[in-house]
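So the structure is just underneath, and the comments pick up after that.
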DNA sequence: ATGTGC
């Protein structure tokens with residue numbers, strides 16, 4: 001793959017047939033994926049062939065190999081120019097994302113209280129593959145309400161406060177969810193998992209604000225140095241997974257009928273305006289609401305424990321997803337266009353002044369939540385005006401080792417002890433699960449964030465360090 | 001990521 005270095009944090013893959021637009025990779029030289037081990041830059045070029053794609057096929061600094069689209073990929077298609085939507089451009093974990101809550105508590109006040117707090121959070125957080133959930137739904141109609149109402153419905157039912165919704169992307173729910181387009185199988189898988197963490201890189205962490213880069217913005221977000229926070233990283237569990245599976249299969253069948261040819265079967269797609277495209281977007285929006293309700297419920301469970309163990313509450317800083325497609329309006333060559341923006345392992349980063357921001361964030365921009373790899377650190381960023389890539393930035397550290405490679409690399413070592421040696425209390429997670437998530441399996445999140453800022457995609461606001469972690 | 005994959 002030939003890369004042209006355009007500027008220190010920006011590389012271009014020149015357009016060549018059948019690409020419709022160039023590829024653009026935001027990264028430092030050392031963050032670029034190893035072409036021998038990772039085909040993600042070929043995937044960036046493949047995405048550039050999709051009908052209706054505008055500007056470029058973008059990759060964030062944490063880019064790595066994924067299903068069809070790279071993880072860390074951003075692609076926008078023009079809805080009125082036969083632009084397509086592709087389930088692979090969202091990913092299997094639809095609306096996987098991060099929620100950050102902040103306590104009116106300094107980390108020094110956790111002395112002597114951490115172990116019972118972590119025990120409580122571990123016990124209150126359903127996790128791992130399969131069963132266990134905060135919420136046991138009474139009937140199918142209640143799942144329907146979750147799929148339509150997201151965090152709004154959870155708050156309505158007492159799992160949170162109205163103020164939470166102001167600090168949620170889309171005020172807690174997207175309004176174009178269509179539960180009728182969600183298969184019976186997806187409903188069955190999802191019904192028993194509302195309010196559950198999952199496994200893999202999903203986690204609930206107690207963190208402390210280690211460093212503030214911008215006092216004014218951090219204050220507006222509700223963050224200060226030394227403050228204790230809770231970060232929740234989770235998604236749409238089996239429901240989103242099943243929806244992705246269903247629609248990849250369905251679209252693959254009708255692609256030729258729509259005259260679409262792609263270089264990789266995993267790029268199955270359909271025009272946004274087609275029956276299949278609209279059905280997927282309706283089902284995807286339902287999964288997006290499910291994921292938000294899921295994080296709202298996990299937060300409600302964590303709040304209960306936090307209040308019991310520390311006597312303090314938790315205020316929502318923000319909830320944002322990093323696996324989603326959205327119909328948004330953007331300037332393209334000087335004209336306002338309706339675009340289907342796919343962000344897969346990429347986070348929306350609205351700049352200050354954006355009309356979709358709530359009043360109390362209007363002057364500072366949207367909080368962008370970046371979970372680091374286990375035992376390292378996480379970042380809070382904000383959007384910047386005039387950024388490229390449709391107001392998007394990175395989503396995390398990004399894998400450099402497959403799960404299998406990571407397990408092999410940990411052979412003969414004790415991941416739990418390695419974390420304990422760093423004074424990080426761990427609850428849950430199998431030995432294998434921990435081995436798969438060790439920092440060595442990931443890029444350095446600080447280098448990723450530095451590259452994202454250097455590329456003009458976002459700005460750093462604060463860095464958080466882990467104190468205790470609950471894993472699936 | 002996932003009622004896990006070689």
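Using the three backbone atoms N, Cα and C, a Cβ is placed for every residue, glycine included.
Where the annotation comes from TrEMBL, it is an automatic prediction and has not been curated.
Features as listed in TrEMBL:
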{"type": "BINDING", "residues": "A:93, A:202", "note": "Mn(2+) 1 binding site"}
{"type": "BINDING", "residues": "A:201-205, A:322-323, A:371-374, A:378, A:395-398, A:471", "note": "GMP binding site"}
{"type": "BINDING", "residues": "A:233, A:322", "note": "Mn(2+) 2 binding site"}
{"type": "ACT_SITE", "residues": "A:395", "note": "active site, GMP-histidine intermediate"}
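Residue A:323 (GMP binding site): 29 other CB atoms within 10 A of its CB, across all protein chains. For residue A:395 (GMP binding site) paired with residue A:322 (Mn(2+) 2 binding site), the C-alpha to C-alpha distance reads 6 Å. Around residue A:201 (GMP binding site), taking its Cβ as the centre, 22 other Cβ atoms fall within 10 Å, counting all chains. With respect to residue A:93 (Mn(2+) 1 binding site), the closest of these binding-site residues in Cα terms is A:323, chosen from A:322, A:323, A:373. Residue A:233 (Mn(2+) 2 binding site) and residue A:398 (GMP binding site) have their C-alpha atoms 14 Å apart, to the nearest angstrom. Rounded to a whole value, the Cα-Cα separation of residue A:204 (GMP binding site) and residue A:322 (Mn(2+) 2 binding site) is 17 Å. In the shown protein chains, 28 other C-beta atoms lie within 10 A of the C-beta of residue A:204 (GMP binding site). Sequence-distant neighbours of residue A:398 (GMP binding site) (same chain, 6+ residues apart, CB-CB distance under 8 A): A:61, A:62, A:63, A:64, A:71, A:72, A:345, A:442, A:443, A:448. Spatially close to residue A:322 (Mn(2+) 2 binding site) yet at least six residues away along the chain are A:96, A:97, A:98, A:343, A:345, A:346, A:347, A:395, A:396, judged by Cβ distances under 8 angstroms.
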